[in-house]
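Summarising the annotation, TrEMBL assigns domain 'Obg' to 1-159. Annotation comment: TrEMBL describes 120-145, 343-399 as region 'Disordered'. According to TrEMBL, the domain 'OBG-type G' annotation covers 160-333. The GTP binding site annotation in TrEMBL covers 166-173, 191-195, 213-216, 283-286, 314-316. According to TrEMBL, the feature Mg(2+) binding site maps to Ser173, Thr193. Residues or ranges marked as compositional bias 'Basic and acidic residues' by TrEMBL: 365-379. The feature compositional bias 'Basic residues' is assigned by TrEMBL to 387-399.
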Amino acid sequence: MKFVDEAKILVEGGKGGNGCISFLRLKYMPFGGPDGGDGGDGGCVWAVADVNLNTLADFRYTRRFRAQAGVNGQGSNCTGAAGDDLEIRMPPGTRIFDAGTEELIGELTHDGQRLKVAQGGHRGLGNPHFKSSVNRTPYKATKGTPGEERELRLELSLMADVGLLGMPNAGKSTLLSSVSAARPKIADYPFTTLYPQPGVVAAGPGRSFVMVDIPGLIEGAADGAGLGIRFLKHLQRTRLMLHLIDVLPPDGSDVSANIRTINAELKAFSDELAQREQWLVFNKIDVMPEAEWQALVKQVLKKLRWKGRWFAISAAARAGCDELVEAAMQWVETRVREQEQAAAAAAAAVPEPPKPKSRRRAPVTRRDDSEEVPSKDLGRGVTRSTQTRRKAAAKRPLD
């Protein structure tokens, strides 16, 4: 299926059912009162995240979604059935905007998350609601209101922990196919990868992370060269970026210059993304003697003054891939743990709402045949005479 990361759809809530005008007519009650039932509420439209989806391609063919309308009310005070809600399945990572105002309505981040995107119409009222002391037979009922209608713009950013970036033919797709079950297209020419390709990387029992491969970048991608930089948005949710470098570029270009080019295009897209954790991964070390690629790597790191982590691998031969996967897994686990601790600390910092004060009854002091309430509790002293209450009860007329 073709990868699509942007789409526009039209959603509409179901119309509310109309109220009914009806009167009770029985054999021995020819002039009964109104008994028209209310209509049913219209169904709402919900966007639901489905982890089994990773593209918006379905919305290229079906663009209008309408929830079920409510049923009209009936006589004998029968209320119409409410319309069924409509659920639209979308991949996690989908951001939903109002196409008219460009307002962000919400974002689907985890499987099963629900977001209401269109409200159903309200039900109409039957004629019993309009009965009064001066109008015992109202010939009036209200219609159900139309459901909310709006055009939505969907934008997908894949949910991934680790992203791959680099020049075309750097070996990104080969690495993804070597460490996961993904099968991206691999060929010996530039821009083999045309769309982002995610894959699940297993690092051990119960330990895995999602890796995403994006099309290669070239100089001037920010200005539209090559496939542009629009696919970089799929790296915005990643915690770690692996910058793959071909140690022997087919065009004979300088390795250090290629690294600077990629980072410049990354910065042109987003300063925040350019500052994210990035590891250099020197690929295809099997095409030259070990002494040569070690000298090349040392020279590049010195020229770039690189202080971050780096790895040397051969994705085709799987040399060094296990060490890279384990290091990436540990990094992701650490970041997830820190995020959970920060969320727990933030939740603990929220003060609990104050408990409502209990209304304590004022103490009553009995003195002879009277009751006295202290003035500090009621603002002034109050004395109730038992004899006065007895006299008042004696004067009360009997039923």
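Just so you know, glycine gets a Cβ as well, placed from its N, Cα and C.
Automatic prediction, not curation, is the source of TrEMBL annotations.
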Other parts of the chain folded back onto the region 'Disordered' (120-145), taken as Cβ under 8 Å at six or more residues beyond its ends:
13-23, 33-45, 67, 69-70, 72-73, 77, 79-80, 82-83, 85
Whole-number mean of pLDDT values that fall within the domain 'OBG-type G' (160-333):
84
Sparsest-packed of the listed binding-site residues (Lys172, Lys284) - C-beta count within 10 angstroms:
Lys284
Within 10 angstroms of the C-beta of Pro215 (GTP binding site), what count of other C-beta atoms is obtained when all protein chains are considered?
26
Taking Gly166, Asn169, Ser173, Tyr195, Ser314 as the binding-site residues to compare, which has the smallest set of other Cβ atoms within 10 Å?
Tyr195
Pairwise Cα distance for Ser173 (Mg(2+) binding site)/Gly166 (GTP binding site) [Å, integer]:
11
Which residue counts does DSSP yield for the region 'Disordered' (120-145) in the helix, strand and coil classes, in that order?
4 helix, 0 strand, 22 coil
Does DSSP give Gly166 (GTP binding site) helix, strand or coil?
strand
Which secondary structure state does DSSP assign to Lys284 (GTP binding site), in the simple three-class scheme?
coil
